[in-house]
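Here is the structure we will look at, set down as C-alpha cells.
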Amino acid sequence: MALAARLWRLLPFRRGAAPGSRLPAGTSGSRGHCGPCRFRGFEVMGNPGTFKRGLLLSALSYLGFETYQVISQAAVVHATAKVEEILEQADYLYESGETEKLYQLLTQYKESEDAELLWRLARASRDVAQLSRTSEEEKKLLVYEALEYAKRALEKNESSFASHKWYAICLSDVGDYEGIKAKIANAYIIKEHFEKAIELNPKDATSIHLMGIWCYTFAEMPWYQRRIAKMLFATPPSSTYEKALGYFHRAEQVDPNFYSKNLLLLGKTYLKLHNKKLAAFWLMKAKDYPAHTEEDKQIQTEAAQLLTSFSEKN
C-alpha cells in the first residue's frame, strides 16, 4: 500500500492543497467555482472524488500485478529447487545401483519438461529393460518408452550432451526389434549423436566409449549385413578395430576404470588384432572389476571365459 499512499499524496485535488494549486477565480461564473470549468482547452471534472477512486484502483491493480509477478517468480524458483532435489535423489540411486527404485522415482515425473530429468528417465527405463528378471514383453515396452523419453529430452535441450548420448543409445536398442535393415539405416544418425555428445562434453568417457562400440560393431559386421548396408547407402557405414581401440583407450584416459565393459572391449579388440598379451591384461582387469551391477557380473563371467579360452589354446 506504500505506492498507493504516495500516489494519493500526489493527487492535484486533495484536501489542504498547496497555495496556488487551485484554478483562478472568475474563469467561469462567480465566487471562483468551476462548473465543470474550461481552462485553455482542458475540461477538469467537477467531482475530484471519482478521479481519486479511479487512480487508487489503478494503483491497487498495479500492486496486484506486482504481487502476481513475485508469486510467479517464487513458484519458478521453488519448481527449480524441486527438480534439483529430484535429480540429486536420482543420481544417488543410480550410483547405488538401485535400478528399480530409480525408475519408480522418475516415472512420477514422466510428464516433466526438464531435459535433465527426461534423459535420466530414458536411462532408467533402459536399465530396467536389461534386468534378467524383466520379461521379453516388458523389455520391449521399456525400450520404446526409453526412446520416447530421450527424444523429448533432446527436443527440450539440444545442447545437452547426455540427451544426445541417450537418444543414440535408445535408437540403437529399438533397432533390435525392428530388424537389421532398420538398425543399419539408423547407423549414421546414431554416430552423429555420439559425435555431438563428445563435442559438447569431451570429458564424458561414456560417450567416447560408445563411439568405440560403434566402430567395433561395424568393424566386425558380417558379409550379409554389409550387403544390406550397400543397398541402403551409396557409402555404407564402416570402421576398423584400430579406430575402436583408439576410442576405448581415449575413454580410459579421460576416466580410468570408469566402466567394466570398456575394459572388456579393450581386451576383445586386442584379441581381434591378435595381440594376446595386451588382450590378457585388459581381460584380467575386467574380470577383477568390482561388480556393482548385474551387467558388471555378466562382464566378469565373459572376461573369465575368454581368458580360459585362449589360455587353453596356448
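Placed from the backbone N, Cα and C atoms, the Cβ positions cover glycine too.
What Swiss-Prot records for K165 is N6-succinyllysine, and it gives similarity to another entry as the kind of evidence. For K165 (N6-succinyllysine), applying a Cβ distance below 8 Å and a minimum sequence separation of six or more within one chain yields W119, H193, F194, A197, D204, T206, S207, L210. K165 (N6-succinyllysine) falls within a helical segment according to DSSP.
The repeat 'TPR 1' feature in Swiss-Prot is assigned to 168-204. Listed by sequence, the residues of this chain that lie at least six past the ends of the repeat 'TPR 1' (168-204) yet keep a Cβ under 8 A from its Cβ atoms are 122, 126, 129, 140, 143-144, 146-147, 149-150, 159-162, 210-211, 214, 218, 225, 228-229, 232-233, 236-237, 254-255.
According to Swiss-Prot, the feature repeat 'TPR 2' maps to 222-258. According to DSSP, the repeat 'TPR 2' (222-258) comprises 24 helix, 0 strand, 13 coil.
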